[in-house]
Protein chains: 4
Amino acid sequence: MNTKIRNFGPCKIESPAAYEYYTADESKVVFKTVFETEESWKQYIGEGAEFFEQAGPRKKIYFDPKEVTAGIVTCGGLCPGINDVIRGIVMELNYRYGVKRILGFPYGYQGLVKKFDHKPMELNPENVAHIGRDGGTILASSRGNQNASDMVDRLSLYGVKMLFCIGGDGTLRGAKEIVNEIDRRGEEISVIGVPKTIDNDINYVQKTFGFSTAFSKAMEAVECAHVEAKGAPNGIGVVKLMGRHSGFIAVNAALASQNVNYCLIPEVDFDLKGKGSFLDVLKKRIQTREHAVIIVAEGAGQKFFGKTEERDASGNLKLGDIGVYLKNSIQEFFKAEKIEVNVKYIDPSYIIRSIPANPEDSIFCGFLAQNAVHAGMAGKTDLVIGMWNNVFTHLPIDIAIQERKVLQPTKSTLWRTLLASTGQPAHMVAE
Amino acid sequence: MNTKIRNFGPCKIESPAAYEYYTADESKVVFKTVFETEESWKQYIGEGAEFFEQAGPRKKIYFDPKEVTAGIVTCGGLCPGINDVIRGIVMELNYRYGVKRILGFPYGYQGLVKKFDHKPMELNPENVAHIGRDGGTILASSRGNQNASDMVDRLSLYGVKMLFCIGGDGTLRGAKEIVNEIDRRGEEISVIGVPKTIDNDINYVQKTFGFSTAFSKAMEAVECAHVEAKGAPNGIGVVKLMGRHSGFIAVNAALASQNVNYCLIPEVDFDLKGKGSFLDVLKKRIQTREHAVIIVAEGAGQKFFGKTEERDASGNLKLGDIGVYLKNSIQEFFKAEKIEVNVKYIDPSYIIRSIPANPEDSIFCGFLAQNAVHAGMAGKTDLVIGMWNNVFTHLPIDIAIQERKVLQPTKSTLWRTLLASTGQPAHMVAE
Amino acid sequence: MNTKIRNFGPCKIESPAAYEYYTADESKVVFKTVFETEESWKQYIGEGAEFFEQAGPRKKIYFDPKEVTAGIVTCGGLCPGINDVIRGIVMELNYRYGVKRILGFPYGYQGLVKKFDHKPMELNPENVAHIGRDGGTILASSRGNQNASDMVDRLSLYGVKMLFCIGGDGTLRGAKEIVNEIDRRGEEISVIGVPKTIDNDINYVQKTFGFSTAFSKAMEAVECAHVEAKGAPNGIGVVKLMGRHSGFIAVNAALASQNVNYCLIPEVDFDLKGKGSFLDVLKKRIQTREHAVIIVAEGAGQKFFGKTEERDASGNLKLGDIGVYLKNSIQEFFKAEKIEVNVKYIDPSYIIRSIPANPEDSIFCGFLAQNAVHAGMAGKTDLVIGMWNNVFTHLPIDIAIQERKVLQPTKSTLWRTLLASTGQPAHMVAE
Amino acid sequence: MNTKIRNFGPCKIESPAAYEYYTADESKVVFKTVFETEESWKQYIGEGAEFFEQAGPRKKIYFDPKEVTAGIVTCGGLCPGINDVIRGIVMELNYRYGVKRILGFPYGYQGLVKKFDHKPMELNPENVAHIGRDGGTILASSRGNQNASDMVDRLSLYGVKMLFCIGGDGTLRGAKEIVNEIDRRGEEISVIGVPKTIDNDINYVQKTFGFSTAFSKAMEAVECAHVEAKGAPNGIGVVKLMGRHSGFIAVNAALASQNVNYCLIPEVDFDLKGKGSFLDVLKKRIQTREHAVIIVAEGAGQKFFGKTEERDASGNLKLGDIGVYLKNSIQEFFKAEKIEVNVKYIDPSYIIRSIPANPEDSIFCGFLAQNAVHAGMAGKTDLVIGMWNNVFTHLPIDIAIQERKVLQPTKSTLWRTLLASTGQPAHMVAE
């Protein structure tokens, strides 16, 4: 794994940030920290170990703040905390480095393309001071990438020296194309990604902003499902939560609620028919306990839908709607079994993703933003701000997008605990 | 309007409630209090005026507390505050009147029918002390009425002297049948309704419990719709809220949010096609303001669906799903107009109705419960506890169910203010 | 009681508000609506009855909107909802009546006096659109009145035709002085009060804005006191709440919490020493139940402090700190009794009054604001916007300030219910 | 640093927990993971590195679950999440290991001493299922240690094989004495600590439960202080927050709020008088910005109070009340300077510590509890459950209590960011 970070050149300018101490440019975070035996540790060390570059303010920087115009763009679906990140970038650029011209390009990558004719917004400490109280993004967003050449044209037109791209997997792929186009032209524009995915599934990034807020809010919907399930004869509450490829939100919401009986996630296979299948297991519970609460992540059970190559504007494969499918399957199954059940289905998606960040996330966003600015000022590029072993890191974009982080059911303490909490069988596939 | 309340006979027992003062049994609340002119007032007075009987503890009661077994049943859909009402009834019966045997019949009217085999739950101050913190109902609920004879059989079997029915329109009709059956048998069992409708649409009842909680919570979903609408190019947030026959929740959520542009309710007609129709109006807004927030009450626009006589288990006419219909109509319309829009649809129903009561409602539930107990102990029957001019009242069941309270667009200050707040046209029917 | 409202003259201008219907100028609300007997009602009618003038938009108005400059001033302590009232006034003036010049005078009446040199703030729909989400007042506030002549000078200087005074008892007295000074000069400047008192104690006003938010938030502090009381040996939680002259917040917080054992309010006398006194009663509870939760309103037990004539800047008599006094008295008492107790004292004042209004209050503030504007445009003056029997009213300032609304322990259903809820003795004075 | 964990002997019993995988008993977490240079890393490795033992379920356990009686005790001040830990311990013992007898000893260490006569509470999955929704501890708590011999007597009497001590610094010292007494008697009773400190200041423990909830709630009080400060002429909001020895809560609340101008913590010296002192700096701000928000941690500025050796029941040195001292100092200073200021002082302590855990903490508590049970069942003792590099660890009690974790101003990224966020000078000592 090549974790080396690109830099436009040696940093020669004394940082005006006036911090009491700076992060050494070579500072590194060890990748692997847990070892089953001393031997495995020695072997890891012997083979050289792997490190991520530590993020933080550098004593010497590359760009002259007086000459810097910075750009910010927010892409993809909403996620709690985007405004906190915008705020943090503006505050750090302005107050610490003295960068006075900061442009917010509206509506995601559309804002970087002339034909859409979206006027950039001048950002300053006054107009971003309180935006963190609002959900969403003051810059608005859009899905999908745009032509890299068009976008670099506009960056050049506005004299942007560093671009902060707040977005997910698709956005980072777009950012990579921008990097490539900048390289092709031999220009020096830093491209710094702040990974945004409510699903918390960025590769080699310990956690992403908005995730804490998201599963905390999701828990409320789960509690409602529990109340509904208990409130009617054979009540069954079904909550669909985010998680296209991973069950992080689903599992954390289940653990926080402690009232969930089944949690279905993309990483764990399950069947709906036959002995030992999910519906078979559910039937036994209904017959004995007379209610059940189910969380299903949106990416779970995709095998029940035909293969598709359809993609949304962000380039994500279109998923079958497992929530509705599951709800219908449950109703049909119990009808066939002649057991009257009351299924209450909750899909809280927008109610979760559009709220403001909680204090935990809000602080986290502030750190991400500051480190993004430090990286940009130091002339680094082609990276995202990550976190590893609780230390903020620089991660090459390529590594961040090469694959997604998922729960590994047979190795994850999170999943182990989920099984203990729900009491659900580890396997719900038909015999 | 016959507002006379039935009573099993003269009250001869000194109340053990030990209150410092009691409500006189003849105490009454004037029905009409606002008059456009002095003449209209004099005319009203001259014709005799109308009154509701005031609720409250009576100095003399009818039933001997030592001989009373009380029953509680909760029916229909969930609504914030049911547990507070249960708690209040138990506390008042036990602590003030000394009634020690209180039975909670589970799963609504099913709990009053032998064949369902639901064991009644003994209720006491200990096991209801903290239930108000939970949404739903500890007694669980079910939809639909049961055979009145079966139910009175069970009441007799358990020796129930007063039955508290917490439920909506359908439940009160069921209660009326129970009253009639009791009369037929010549028994003396008080039947006291506590009207439960999240829609706030009980006839001659100023407000119902759970309503304040409901529109307050609904406002959160509306705020999310606003954030989503502002967060994408031509974003349109659509929120479906409760209100089968009335727009009270929709209008109050809109007023509380102050970010709503259109509020569609059952009481006000609108078209989707043609000049001056809703979609025509919406198009102009999108073209100029680039986003819109819409609330639609579930009972709005039912003319778009064919006539149906289908009813749910509670006896309510099945409604067409105006939320999904509107969402689809908007999408198709703008597609045809070749305007790209981003529609975000939110249906928060269960998330609203299953939460605990807010403090405002919680206190209100306590008063309702106490007054229900006072009415029962005084040997009154065939009534619901209402409120008029901020005074708790006794309302004959017949009056409560004869028709529904609705917003009257041309006379309502609420609707007048809604129009001012949203800026929507008073009429959105096609020319 | 003279409830007649003053008016600068006949209204001759057609209202541009474009409402579908208007409130008749003679429309009135009956004062008394509950009667113990038919005789008492007839007697009341025979003697002529009393009415309040109904608030609402008039079809004809007095001031020409094009020539109106409006002023807003917010005085006294913070209260949830002030910003909602400001917002509502601005929106109604601007959108409905077309008044374009609206000045916010900062820091209360200081803003109306030249020497303080506070520049007025131009208010418009854009800069007030979202202020309701914030607690406090965007205009800031100050305590105390200023010289009426100085204030009217400044109103004249800025050409103000109507002044909206959002404030409490002291502020309304100040408003009255402004009215008198205007009269003296023979000018026509409407002075409209929007009564602000978190204590909910304005005479003949059913409820004031912020009160619902206040007791709801207060309940949270009470719940914490309960947790603390249960968490330690002989734990005693004491919460001091607002209520200089009345127990409304204290009682409502107690009812909402349902975990309070004693609620001490200004309207009900109690002793600390001797048989049957509060501490005597508390001792018995601690010995049997091992914990207790106490709410004390700030104006309760003032007899324990020497007479004082000291007043704060708002002209309120300085109160002795009954919270701290009670806490110390409890600790000393039990020390003398050799009973170890753990007293946890909570004074949440600022945490309650500085939060944003809840949706219930927020809507209420909107109505108050609109009715204030309607009154001003109709050329009415020397009044506050009140509410009676759920109808918005015009109330002469003199009536609003002549005395305070208080709980009447021997007639109040609120207090009756409080006693039932806490189980505390009706009298805790020493024998 | 000796991180070796004691064990009563080899584990020979197959775990009945039925987990899909177990944590290897030798599994370890590297202590140091960030290195400024490759050389410093190599040197660290060359010198052998340090590790903590990883927590988690072991495949073989020491105690036979059928013979185990477990005990739980909660000591010291309240902290969000205690009930979640109790719940988690009971669930894991009962459902996973089959331990059926679990005793909750009430009122902290008092519950382990015969003379206090507190009856232990039988804990089971039913009676702990929903306790996590409540703040505080269902077992109640007390301050101070008790005689170790008395306590071990009682443990023996009840046949307790493992004792879970949920408490802070003082509690862990008490636990250590219990360990020593058990050793002295040659018994085998596991003593497992779950560190509880709302201050988050346990040595070598990355974070403690309740901390996230605490600073999140603290932020609300800070926001109120900001509203108050802006709402009055020269308004100064002062909030005292927890933090006897460390500024973690103060700093995180400040970062989350983003409206704080000064944050005073125990780790950073400051003066009140003289050029460059805090009051000097504050004066300049008030003169230019007219408002200020200040957070002060309770342990800050102790130099202003005389030396004391007085300790509370928990053995903590009694602190001078810096909040009140600061408030008074500010008022006196500005009075002397003839500048009118409005100081609003908020001390939200009990309101923060007695609320339920937020979802983030609630999940964390569940993990702590499970790992505590795993450690006990494996026959380990004399340890606390910690976390390092996001991995749960076993930490010898001695290490946990040898000193406190504090912020190191010149090395902490947290403090660096705080200075950037508040804009306060790094040094506020008099020149």
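Using N, Cα and C of the backbone, Cβ positions are placed for all residues, glycine too.
Lifted from TrEMBL, the feature list:
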{"type": "ACT_SITE", "residues": "C:ASP199", "note": "active site, proton acceptor"}
{"type": "BINDING", "residues": "C:GLY77, C:ARG143, C:GLY144, C:GLY168, C:ASP169, C:GLY170, C:THR171", "note": "ATP binding site"}
{"type": "BINDING", "residues": "C:ASP169", "note": "Mg(2+) binding site"}
{"type": "SITE", "residues": "C:GLY170", "note": "site 'Important for substrate specificity'"}
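With the fewest other C-beta atoms within 10 Å around its C-beta, C:GLY144 stands out among the binding-site residues C:GLY77, C:GLY144, C:GLY170. Residues listed for ATP, C:GLY77, C:ARG143, C:GLY144, C:GLY168, C:ASP169, C:GLY170, C:THR171, cover a largest CA to CA span of 11 Å.
Within its own chain, C:ASP169 (ATP binding site) has C:THR197, C:ILE202, C:ASN316, C:ILE401, C:ARG404 as residues 6 or more apart in sequence whose C-beta sits under 8 angstroms from its own. Distance from the CA of the residue listed as 'active site, proton acceptor' to the CA of C:GLY168 (ATP binding site) is 10 Å. Each of C:CYS75, C:GLY76, C:GLY167, C:GLY174, C:SER314, C:GLY315, C:ASN316 belongs to the same chain as C:GLY77, C:ARG143, C:GLY144, C:GLY168, C:ASP169, C:GLY170, C:THR171, is absent from that list, and has a C-beta within 8 angstroms of the C-beta centroid marking the ATP site. Under DSSP, C:ASP169 (ATP binding site) is assigned to a helix (H, G or I) in the three-state scheme. Cα separation, the residue listed as 'active site, proton acceptor' to C:ARG143 (ATP binding site), rounded: 17 Å. With a cut-off of 8 Å between CB atoms and residues at least 6 apart in sequence, the same chain places C:CYS75, C:GLY76, C:GLY77, C:GLY108, C:GLY170, C:ASP312, C:ALA313, C:SER314 near C:ARG143 (ATP binding site), listed in sequence order. For C:GLY168 (ATP binding site), the Cβ neighbour count at a 10 Å cut-off comes to 24, with all displayed protein chains included. C:ASP199 (active site, proton acceptor): 29 other CB atoms within 10 A of its CB, across all protein chains. Proximity of C:THR171 (ATP binding site) to non-local residues of its own chain (separation of 6 or more, Cβ distance below 8 Å) is seen for C:CYS75, C:GLY76, C:GLY108, C:TYR109, C:ASN145, C:CYS165, C:GLY193, C:LYS196, C:SER314, given in sequence order.
Closeness to chain A is evaluated for the recorded positions C:GLY77, C:ARG143, C:GLY144, C:ASP169, C:ASP199 by Cβ distance, with values under 8 Å counted; no residue is counted. According to DSSP, C:GLY77 (ATP binding site) sits in a coil region rather than a helix or strand.
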